[in-house]
There are 2 protein chains.
Amino acid sequence: MSDAICTREYACFGGTVGYYEHPSQTCQTTMRFSVYRPSRRGPVPVLYFLSGLTCTEENFMVKAGAQRYAAEYGLMLVVPDTSPRETNTPGESDAWDLGTGAGFYVNATQAPWQKHYQMYSYVVNELPALIAQSFSIQSSAGICGHSMGGHGALVCGLRNRDRYRSISALAPIAAPMQCPWGKKALTQYLGSDQTTWHDYDASQLVLTHSDERPILIDQGAEDEFLTQGQLLPEVFKKACQQTGQPLTLRMHPGYDHSYYFIATVIGDHIRHHAKALGAV
Amino acid sequence: MSDAICTREYACFGGTVGYYEHPSQTCQTTMRFSVYRPSRRGPVPVLYFLSGLTCTEENFMVKAGAQRYAAEYGLMLVVPDTSPRETNTPGESDAWDLGTGAGFYVNATQAPWQKHYQMYSYVVNELPALIAQSFSIQSSAGICGHSMGGHGALVCGLRNRDRYRSISALAPIAAPMQCPWGKKALTQYLGSDQTTWHDYDASQLVLTHSDERPILIDQGAEDEFLTQGQLLPEVFKKACQQTGQPLTLRMHPGYDHSYYFIATVIGDHIRHHAKALGAV
């Protein structure tokens, strides 16, 4: 495995924010990610954060204010980009909700996406192996995300109990098979046979993959995408109730889908993971 | 005085981030500012934050993570834009360190700037009057800023003891008469007679306007603009020592000029002001 190259680095809350790139075997192109390393010495637990549509590896590090809490609990934050970029895949830049910035954390099986758009395997396998090789970390990890990244966190988390001790999501696309964003992306990346979509729909997955890990979800009640039926947390909640999956779903009156909402609740999420990862 | 219009609003840490615009009599054009209102009821103290070169009223609200602390102490944050914009002033968009995004918090006396570039009076007089008319606030206020805005905070603060109970700055341009950015801007806005510059140079002003208010300054030791001689905190420190002005100047090894630095120390600044404003 090739090493990641640090392209820029900033001191922050006693630790360091670093931006990295590396040649990805999984995505067959250069991939980028960011890391916050706390000042705490010795191996630290890792929290992966998956970002939403249009984001890069930078948005969360700049806007969420998460470093303060990660510093407090001694957690490393790892934030991958949301897709491969500049791969010359036909149509990759035609829409903001497909292709570039919109990898949806799936392994594409359909042309023209299948060569590069392997974000599920990238996030679950290649990136953690690279992080383990590059930094002093504990084996325990948590996974969190926002919107499309909330979907990714629920899917990666539920399908990989051995890899993630804790799962949470902010305003996730919680039932992608039933919402316009999800239907569009899953059709393009996976094809029209919807049986292949189940592995990437948290509300389906939890019916067969429920376990004892408590899931935390925060959702703004005035989120325009909630109103538009893109997020559907109630579908996920019902599935959790059906199968006994512990879930805390908190609705926040007045809050929307923005980073002002993320900044407001991210402290609670980092505490949720810190507790599960033995960092509290 | 015309009312300010709220153009967009976001829930954040129990309060509200709002973006406003209004016709400014002082700057003879539309001016913009942002406000964070904490959830605390009744009149609240106000902290003004002046931003650096190229910033708008948005950068600080998005990147600094200040709302968490303002919510904690029940402070309102008010963040003006850094200059008039789109005024058709010749050359206003030719350089990033002059004109648009670079008002330097002075009242320009020279053509072509003198019609619109009246940022000192705007920040010290018109904006506070508008804020008092528009929101439920206490009369006590503090002033803080970063880089060019740190210069602005020191100058506005030192010259207006009756208006600001507390002053602080992050990586301020602390002796603009002696640095390239300051010389360029002051020459353009005020002309070549340097006696007119004294009123806008904190290291000069403190010699005649020192008082008992303790000033807090934080500075990254690896700040590239410190190395380039644009900031000169040691000149300001020497002037404070000469005149007995209480100053805490903290150098932070490893930190640069970025918002990662601002986010790291802004909590201490908000506490500094909250204490002086009786909010702790």
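Residue 1 is the first one shown; counting continues down the chain.
For all residues, glycine too, the Cβ spot is worked out from N, Cα and C.
Counting every protein chain shown, the Cβ of B:Ser147 (active site, charge relay system) has 25 other Cβ atoms within 10 Å. Secondary structure from DSSP puts B:Ser147 (active site, charge relay system) in coil. Annotation source TrEMBL lists active site, charge relay system at B:Ser147 (among others).
Under 8 Å, Cβ to Cβ, and six or more positions away along its own chain, B:Asp223 (active site, charge relay system) finds B:Ala171, B:Leu231, B:Tyr255, B:Asp256, B:His257, B:Phe261. For B:Asp223 (among others), the entry in TrEMBL reads active site, charge relay system.
Every protein chain considered, the tally of other Cβ atoms within 10 Å of the Cβ of B:His257 (active site, charge relay system) stands at 22. Positions annotated as active site, charge relay system by TrEMBL: B:His257 (among others).
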